[in-house]
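Read the structure below first, then the notes.
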Amino acid sequence: MDPRRACWESSSEDVTRALLPVHEDRPTRGRSCSGLRAVLASKYLAAASGPAACALICALVDLGGHPAARNMLGVLAWVFLWWITDAVPLAVASMAPLFLFPAFGISSSDAVAKAYMDDVISLVLGSFILALAIEHYSIHRRLALNITALFCGDPVKPHLLLLGICGTTMFISMWIHNTPCTVMMMPVATGILQRLPRDELEGGSGSDVREVQRFSKAVVLGVVYASAIGGMATLTGTGVNIILVGMWSTYFPEQHPITFSSWMSFGLPISLVLFVALWAALCLMYCSKNTGRALSAYLDRSHLRRELSLLGPMAFAEKMVLAVFGGLIVLWMTRSLTDGIPGWAVLFDGKVGDGTVTIMMATLLFIIPSGKNDGEKLMDWGKCRKLQWNIILLLGAGFAIADGFKASGLTDILSQGLGFLRGAPALAIAPVACLFSGLITEFTSDDATTTLVLPLLAELGKSIGVHPLLLMVPGAIGAQLSFLLPTGSPGNVVGFGTGYITIKDMVVTGMPLKVVGVAALTILLPTLGSLVFGMA
């Protein structure tokens, strides 16, 4: 065997088996190849890139006698490189500010630790617990099967079936994080697709199989994109919106906060525009007049009804989880209504937030009996082992970085550097900010993009004399338009991992959605956004 082949053999082979020597007379080269392979596999270079970049910035960059700002820039490079290279687990990289900020003199340990738990983080934590309860009792599956069976048609109507699957996914994603939504809905979608042939060897004529394959692509792409689109509509739908709210309150505490109801008043119309564009794109690109006939041979409403009957009638526990969830939605929507009509928060002197009621309602899940066994509650802590602490810590790191920008003086330096843009038309800069954020997000996570871009846009807004939300909102929306590559979001990875879609499919379908998203934002932000956020 060629030693070069032995050195670079596929990592898919079983590495636990004993490796026989390739050539007894050339052991040194084999050991060097193994050592190089071990270094690459262990991501030592990626782990070292963060500290190395930080050291270079601290040694070479001069910010006019502001060492704390220079150190902040170095720490930002360190953390961001660990995020995009996956040198260490996401949760571990997100905890780095806890030791880097005090070590580099950016802020005290107490100050940085407080960024990791506030009302916004409480909102995310409580909504994750509720999402786990919904998943545990298969409520999402029951909802998906009911709506899909309703829209399936008899015979099968592909356009309506796509509307049902995508609409269900969007609705669920509005209330839980879009990543777990994609993870929960993808098995439902692929469960439907498993009845369909993936190639001609599994039966069916060539033309029918091609129609079915195209429709399968549409279903998977629909789940991935509908989950991302639904997440834009509410604060709980994605971490990006949460980061925006947290950074807005950090940088502009004197301004009116963004509430659950105010964001939904703006985010839901954008989501609906994108959803219509998604449905139209899937129908035009992946459905033809022969698709319904091809699908009818393998799928009909009776199949979905049988799946639904296997779940049985809705149990007491499922009804109680839905009741708690429904009550939480009402509390979210009525905490703060309008300036003339105060919500229920006025009863508590405005000291309660969306996170307050989220944790309160999540706590009820550990008190209400499930009705199954004596003493068993709807939830116990053992069922919470799947909590996405990596997302929670990532959000905390984003808030800590926002605080670090201010504490180190880096925001002032950025503001001075961006002063040349004063007088530029805000309506021209807003779509550019959206496109800038939308480009970066294709190569790293939505949350990491938002954490990096929003502080810059906040300072840009102050520098050119426009309302900062005219730039921060486009930055946040743009970060969620990660439709082109699998690296754009975990949801994209989930869809790509099914094997039904390719990168070409994502680019061809995602590019029109990206254009529609930027156009919708450009129109709605200065009109509807001005009314909702008081930017007039």
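Every residue gets a Cβ built from N, Cα and C, even glycine.
If one looks beyond the transmembrane segment (44-63) by at least 6 residues along the same chain, the residues whose Cβ comes under 8 Å of a Cβ in the stretch are 69-71, 73-75, 77-79, 81-82, 85-88, 410, 413. Look at TrEMBL and you will find 44-63 (among others) tagged as transmembrane segment.
Here TrEMBL flags 75-100 (among others) as transmembrane segment. Distant neighbours of the transmembrane segment (75-100): 43, 46-47, 49-51, 53-54, 57, 106, 109, 112-113, 115-116, 389-390, 393-394, 396-397, 400-401, 404, 443-445, 448, 452; these residues of the same chain sit at least 6 beyond its ends, with a Cβ under 8 Å from one of its Cβ atoms.
Packing against the transmembrane segment (120-139) from elsewhere in the chain are residues 175-177, 180-181, 184, 235-236, 239, 242, 245-246, 311, 315, 317-318, 321-322, 324-325, 328, 353-356, 358-359, 361-362, 365, 378-379, 383-384, 386-388, 391-392, 395-396, 399: each is 6 or more residues past its ends and has a CB under 8 Å from a CB in it. Annotated transmembrane segment per TrEMBL: 120-139 (among others), in sequence order.
Here the transmembrane segment (159-176) has Cβ contacts under 8 Å with residues 127-128, 130-131, 134, 140, 143-144, 147-148, 150-153, 182, 184-185, 189, 192, 218-219, 222-223, 225-231, 233-234, 236-237, 271, 275, 278-279, 282-283, 287, 295, 325, 329 of the same chain, all six or more residues outside its ends. Positions annotated as transmembrane segment by TrEMBL: 159-176 (among others).
Residues or ranges marked as transmembrane segment by TrEMBL: 219-246 (among others).
The annotation transmembrane segment is assigned in TrEMBL to 266-287 (among others). Tertiary neighbourhood of the transmembrane segment (266-287): same-chain residues 158-159, 162-163, 166-167, 170, 174, 214-215, 217-218, 221-222, 225-226, 229-230, 232-234, 237, 241, 473, 477, 508-509, 512-513, 516-517, 520-521, 524, 528-529, 532-533, selected by CB-CB distance under 8 Å and a gap of 6+ residues from either end.
Cβ atoms under 8 Å from those of the transmembrane segment (308-332) belong to residues 130, 133-134, 137-139, 141-142, 145-146, 149, 175, 260-261, 344, 354, 357-358, 361, 364-365, 368, 370-372, 378 of the same chain, restricted to positions at least 6 beyond its ends. Residues annotated as transmembrane segment in TrEMBL: 308-332 (among others).
The transmembrane segment annotation in TrEMBL covers 352-368 (among others). Beyond the transmembrane segment (352-368), the same-chain residues lying 6 or more positions past its ends with a Cβ under 8 Å from any Cβ of the stretch are 118-123, 125-127, 129-130, 133, 235, 259-260, 320-321, 324-325, 327-328, 331-332, 335, 345, 377-381.
Sequence-distant contacts of the transmembrane segment (389-408) (same chain, at least 6 residues past either end, Cβ-Cβ under 8 Å): 66, 68-69, 71-72, 75-76, 79, 89-91, 93-98, 101, 106-107, 111-112, 115-118, 120-121, 124-125, 128, 177, 179, 239, 242-243, 246-247, 250-251, 414, 445, 447-448, 450-451, 454-455. According to TrEMBL, the feature transmembrane segment maps to 389-408 (among others).
The transmembrane segment annotation in TrEMBL covers 420-440 (among others).
Annotated transmembrane segment per TrEMBL: 483-503 (among others), in sequence order.
What TrEMBL lists as transmembrane segment is 515-535 (among others).
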Cβ contacts under 8 Å made by the transmembrane segment (483-503) with residues that lie 6+ beyond its boundaries: 178-179, 181-183, 186, 190, 193, 216-217, 219-221, 223-225, 227-228, 441-446, 509-511, 513-514
